[in-house]
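Colleague: Features from TrEMBL:
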- 1-254: domain 'G-protein coupled receptors family 1 profile' (DOMAIN)
- 17-40: transmembrane segment (TRANSMEM)
- 60-79: transmembrane segment (TRANSMEM)
- 100-122: transmembrane segment (TRANSMEM)
- 142-167: transmembrane segment (TRANSMEM)
- 200-221: transmembrane segment (TRANSMEM)
- 233-256: transmembrane segment (TRANSMEM)
Amino acid sequence: CAVIFTRLATRDLRKPISVLFCNLAVSDLFTSFSGFWISTLFITDPDITIFGSQDMLAPYALYTTSILSTIYNLVSIGIERYLAVARSMRTRFRVTRNRSIAVVFFSWVLAFSLGCLPLLGWNCLRAERSTSVLYSPFCVDYLVFVALPNVAAAFLVPLFTYLRIIIILRKRKLRMQACGQAPGTYRSAETQVARTSISIWLLALVSYAPFSAGVVFDASTRRCHAELYPGAYVFRNCTAMLITITCLGNPLLYTLRLRGLGAGLRALRG
C-alpha cells in the first residue's frame, strides 16, 4: 500500500519501470489479501484447508492468480531493466509507458486465465483419485501444469537478464579503462546491480523453490491425509509464509529504498 500510495501521490507513473513497480505492489497486495482470507477460513474451520471444500476454491484461485501476476511482474521488470541497459547496444525494441501498460494488462489476463481454471471446473471435488493432498481441492495435474513452468520462468528469466546486465556493465567498464578514463560510475553501478540482482534471485529461490518441491512431492506421493499429518502440512504452511515474505521483500528491493522513500515523503509534505 505504501508503494502504491507513494507512486500515485508523487505522479511517478510516467516512467515505464514505475508502472511495473506499482503493478508489482498491487500483485503483492492481492497475495496478502488472499492469504489472509485463507488464514481466516483455517481459523473458522481447519479441516477444509486440509481436506478441501467448495469454499476453498475462490480464495485459492485468487491466491494463485496473485502469485502468477507477481511472477510475471518480476520477469517483466528483469526484461525491462535489461532492455534499458542494452538500449545503446543497438537494441531495436524500446520500452515505453504504453508498452508497460500493455504488459501489465496481458500479465493480469494470463494470471486470471490460469488462476481461475479451478473455478471453471478443473478441480477435484468429485474426482478424489487425482486430488492434491497438500492443496485440496486442486488437482495434481493442474498444479503441475501451472506451478512448475511458471516457477521455472521466475528462476531462469531474471537470472539470464540480470547476468546480461552485469556483463554489459563490466564490458563498458573495461572499455573505459582501455581509453584511460576512470570507470568509477560503472564500477559503482555494477556493484549495486550485482547485489540487487543476487538479492532478487535469492528471494525468488527461497520463496518459490519449497512450493515447487511440495508440488513435486504431491504429484509423486499417493498417500492419504492422515499419513502425512502433521509434518507435510507444517511444510505447506511454511511455504505460504515464504511467499508472504516475498510480498514484504519486493517493495524493499525494488522501490522502498530509504533515501527514495524519504525524498518521496518529504515531497508529499511540501
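Cβ from N, Cα, C; glycine included.
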Colleague: Which bits of the chain, at least 6 residues beyond where the transmembrane segment (233-256) starts or stops, bring a Cβ under 8 A of a Cβ in it?
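Modeller: Residues packing against the transmembrane segment (233-256) from afar: 2-3, 6-7, 21, 24-25, 28-29, 31-32, 35, 38, 50, 67, 70, 74, 77, 134-135, 196, 199-200, 203-204, 206-208, 210-211, 214.
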Colleague: For the transmembrane segment (200-221), what are the same-chain contacts with Cβ under 8 Å, counting residues 6+ beyond its ends?
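Modeller: For the transmembrane segment (200-221), the far contacts come to 71, 74, 78, 132-135, 140, 143-144, 147-148, 151, 154-155, 158-159, 162, 228, 232, 235-236, 238-239, 242-243, 245-246, 249-250, 253.
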